[in-house]
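J.: So that we are looking at the same thing, I have put the structure below in structure tokens.
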Amino acid sequence: MASYKNSFGFFVFPIMVLALLTLQAEGQGLKVGFYEKSCPHAEKIVHQRSYGGRPISFWPVGCDGSVLLDSPTNQSEKFAPPNLSLRGFNIIDRVKLALENACPGVVSCADIVALVARDVTVATKGPFWEVETGRRDGNVSLISEPINPATGLPPFFASINLLKQSFALRGLNTKDLVVLSGGHTIGMSHCSSFDSRLYNFTGKGDTDPSMDPNYIARLKLKCKQGDQTTLAELDPGSFKTFDDSYYRLVTKRRGLLQSDAALLNDPETRAYLVQSTSHGSTFFKDFGVSMVNMGRIGVLTGSQGEVRTICSKRN
């Protein structure tokens, strides 16, 4: 996901992963208030130290903090192409330092990511939800995981069928898909993620007919063909505020990524887009529910993994 989440591509915050069918992958062992006795002020500390931050994606691999790990040879998940626009690592490090001072070796980096994602969403005028905690940190972080179809996020050019299949593999339904896509109201994406839509959609030097031609003209002013470095707003004019304007853009054929535009190609996702542009929108409530669902994917609990002292390094 772009930043935020990455382009969640959530998700620029975007937000997941591993296969599900184990008890751990279904979130067993997680609960609201997990640190109530072991570190009673944990959530307050996270809230205080995450001020001014930007959302960071869970995806991939699962919600075990593996994306935070550094590698001396740049071979961890952090350095995979889909994750290069992730931001917010410094916020996680700042929160972790404060928590280690208060409760050494207690609060996992994976839980910090989940809590910061919620607090930064609230700070950008988005919804509040209760975060389940109790995750442990993983020890495996491979650059190949984010681009592996079985473990990584769907590509930014994914069709609606591929998106639905990918989410279903992780125990998430079509509503989760369209709701979590709304996380693209925050964040940026590299021009290279949608370059073909502007300049060479079918290999004949053409543009994507599903995108508003006026929007294409505007994007070409920012993104020249082959540009690998420039960032574009996923939700122009509102990319620092969590709201439902993303859905308005998509319905107007101004979704930046092909995976955004794909939401118009399914009756259920299209209906949610329309609903979210009306006074009957339930997006804020739904987003919290879907974030909890996503936060249960691929978790380690109990004696699995570890609680890192420094989030970018194994103990």
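These residue numbers are counts, starting from 1, taken along the chain as shown.
Backbone N, Cα and C define each Cβ position, glycine as well.
Those TrEMBL annotations? Automatic predictions, nothing curated.
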J.: Please work out, from what TrEMBL records, which of C39, C63, C109 forms the disulfide with C103.
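T.: It is C39, per the disulfide annotation in TrEMBL.
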J.: If you pull up TrEMBL, which of C109, C223 shows a disulphide to C191?
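T.: Recorded disulfide partner of C191 in TrEMBL: C223.
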J.: Taking the Cβ of D235 (Ca(2+) 2 binding site) as centre, how many other Cβ atoms lie within 10 Å?
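T.: A 10 Å sphere around the Cβ of D235 (Ca(2+) 2 binding site) contains 29 other Cβ atoms.
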J.: Inside 10 Å of the Cβ of C109 (disulfide bond), count up the other Cβ atoms and send me the figure.
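T.: The answer is 29 other Cβ atoms.
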J.: Using Cα coordinates, what distance in whole Å links C311 (disulfide bond) and S66 (Ca(2+) 1 binding site)?
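T.: Between the Cα atoms of C311 (disulfide bond) and S66 (Ca(2+) 1 binding site), the distance comes to 9 Å.
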J.: Same chain, not part of T185, D235, D243: whose C-beta falls within 8 angstroms of the C-beta centre of the Ca(2+) 2 site? Give them in sequence order.
T.: G182, H184, I186, S238, F239, T241, F242, D244, S245, Y246
J.: If we count other C-beta atoms within 10 Å, could you say which of the binding-site residues E77, D243 has the fewest?
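T.: Looking at the binding-site residues E77, D243, the Cβ with the fewest others within 10 Å is that of D243.
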J.: In whole Å, how far does the CA atom of C103 (disulfide bond) lie from that of D64 (Ca(2+) 1 binding site)?
T.: 20
